[in-house]
Structures are given as C-alpha cells and as structure tokens.
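Comments concern the structure below.
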Amino acid sequence: MSIDDLTDQPQGEDESASEPNYRAGFVTFVGRPNVGKSTLTNALVGEKIVITSDKPQTTRRAIRGIVHRPNGQIIIVDTPGIHRPRTLLGQRLNDIVEDVLSDVDVVGFCVPANEPIGPGDRLINEWLDRAPQAKKVALVTKCETVPKPEVAKQLMEIETLRDWDVIIPVSSTEDINLEPLIQELIALFPESPQLYPDDMITEETYSQRVSELIRESALHGVHDELPHSIAVMIEDMFDDEDDDGKRHIYANIYVERESQKGIIIGKNGARLKNVRQFATKAITAISDRRVSLTLHVKVAKDWQRDAKQLGRLGF
Ligand SMILES: Nc1nc2c(ncn2[C@@H]2O[C@H](COP(=O)(O)OP(=O)(O)OP(=O)(O)O)[C@@H](O)[C@H]2O)c(=O)[nH]1
C-alpha cells in the first residue's frame, strides 16, 4: 500500500489531526539480524505486534506498527535483517528490504551497544544509499547493556559512517530514550494529515498475528538451521457459540524435513505441548475471548528453496 492509498482511509475523529504542524510518516529500522529492531517496534507502539526471538532472522514480513502522539503519527515498517542471501527465501527477504527502503521518510540504522561495528554493519550502511529520499537516523540499541563511556564510544564510531540527521542511544527493555526518539522521528516527517485512525496500531490481521505468535512459540529452544525451517499456517478458526463463544484455532507448523518434525514434537509430544501452551497464552492476550489451539506438525520438503511452496506459505 502506498502513502496515497492511506490518505483515502477514514480519518480519525481525534482533534490531534487538526493540530497545527501535525506530522506523519514512515520509518523503517534496518540492521544486522538480532540487533533489536522488532523489540524496538513493539516498545514504541506499546503492544506486541511483531514477534521477537533470540534466533537471528526471524522477521519475515514488512509489518506496520503505528505510534500515535498528539503532534504526529509514526508508521513503522519492520524489515527482515539484511544479509547475504543463501536461499530463495533469503533473496525474497532482501527484496522486501529494498522495496521498503525506497519508500520511507526515515531509515533508522540500528547497531547494538554491546557489539563492535563490523563488516555486516558497513554493508547495511551502504544499503542506505538506496534510500536517497529518506532522512537517516542512527540508533545505538541495547544501550543499557554496557557502561556509558562505551555507549559514547559507539556513538562516535557510528558518526564516522555518514552524515546522520540524528544519532541516539536507546534501550527498548529499559525504556531509555524511547519518547525522545519518537519526537525526533516526528520532527523529521513532513507535515501531513493523520494517516491511520487513532485506535489502529497495526495493519496485520488477527489471523496473521495468531500465526506469528505460534511461530514465535515454536522457535523457543530450537537451534541451528531449524528456526528458518519453521512456517505456520492457520487452517481453520471459528467461535463455538455452544462453548461460550470459545475460539477454536487449528494450525499447521511446517518444517522442511522429517527429522525436524521429531524435534518440534519432542519426546512423547512434550515439546509441542509446551509450544501450544505458550502460544495459547500469547493469543489469548490479543483476543477478546477464550482460545483453544490445536497444532499439527507437517513436512513441506525444502520449502525455503521451492517457489511454489513459498507462495503457498505466504512469502
Ligand atoms: N538487553 C536488551 N536486549 C534487547 C533489547 N532489545 C532487544 N533485545 C533482545 O535482543 C534479541 C533480538 O531482538 P529482536 O527485536 O528480535 O531483533 P531483530 O533485530 O528484530 O532481529 P531479526 O528479526 O532477526 O532481524 C532478543 O532476545 C531481544 O530480547 C534491549 O534494549 N536490551
């Protein structure tokens, strides 16, 4: 959806829309996998709209989170980490990043405070040249993890990479500089009418959020290549009026090989049971009713390398 499409959406009744100097725009956070982009998106929006994980490259879609303030609105487009593609999925993820970059008002380049700036960061910094229209903000994430002098050193190091509009240290988990970041971003946006209604915090559908929460649960405790092999599809979902309106959700967890199936299911199904419990809790938190979740694990052989299967799984 382009910015033009969005202005056709119903405008919120909120008075903020008519505030003088109201600004709105699109920002994307880029950075190596695992630097905290998704966590930052959730922290700024104030609700979990993007799953997070300590496994690198778990973000697969461009998801919009929306931050509302009286003086403006920030639409966050979350991107997968930029990396050198090894599979068709990897290539598609990079294509998503490129699309997003060419279409935003601000790019936030994220580097964690607790890791040195390396070749991966420099590669991504070069990618920012593909967004000549965008203002560039550098963020030192996870800034609470190291002493202040080290944060300062990292800030100076980043400064040498390019001419930034803003450089700011933040911590999503300790709520450091999040509101100042929001205000800096709004200040960089063009004057604009409100783009989304007040009560909207994401464009993701309920069913997309549910399948991501299941994927997040399935990612807990798996290692190596397996995280990238997991995909989730909702097969059926209905509210049972005979059971107090309880929502029944049937989903398939796809892996690429028979051997991975066993890992997900665990001994006597113990692991899958945990995945189900964890996901049920997370889904209940975003639902207006009780939820019953049924999971099946299936093999979609080498789906990451197969265009037809990628399409079927929604990539
Ligand atoms: N200590 C600390 N940890 C953080 C902070 N922000 C994120 N993390 C952790 O860093 C890990 C990666 O966070 P994500 O938000 O998933 O990282 P990402 O950059 O979106 O990763 P990809 O989806 O792989 O691109 C998770 O374990 C987070 O809990 C922070 O401010 N402080």
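Using the three backbone atoms N, Cα and C, a Cβ is placed for every residue, glycine included.
In TrEMBL, the feature region 'G1' is placed on 31-38, out of the ranges 31-38, 239-246.
Of the listed segments 89-92, 141-144, 205-208, 301-304, TrEMBL assigns region 'G4' to 141-144.
The stretch that TrEMBL tags with region 'G2', taken from the ranges 52-56, 57-61, 257-261, is 57-61.
For ligand 1, the neighbouring binding-site residues among N34, K37, C143 are N34, K37, by Cβ distance under 6 Å. Counting Cβ atoms from all protein chains shown, C143 (GTP binding site) has 23 others lying within 10 Å of its own Cβ. Mapped onto three states, the DSSP output places N34 (GTP binding site) in coil. For G31 (GTP binding site), the number of other Cβ atoms no farther than 10 Å from its own Cβ, over all displayed protein chains, is 24. When Cβ atoms from all protein chains are considered, those within 10 Å of N34 (GTP binding site) total 18, not counting its own. Of all the Cβ atoms in the protein chains shown, 26 others lie within 10 Å of the Cβ of K37 (GTP binding site).
In three-state terms derived from DSSP, C143 (GTP binding site) belongs to a helical segment.
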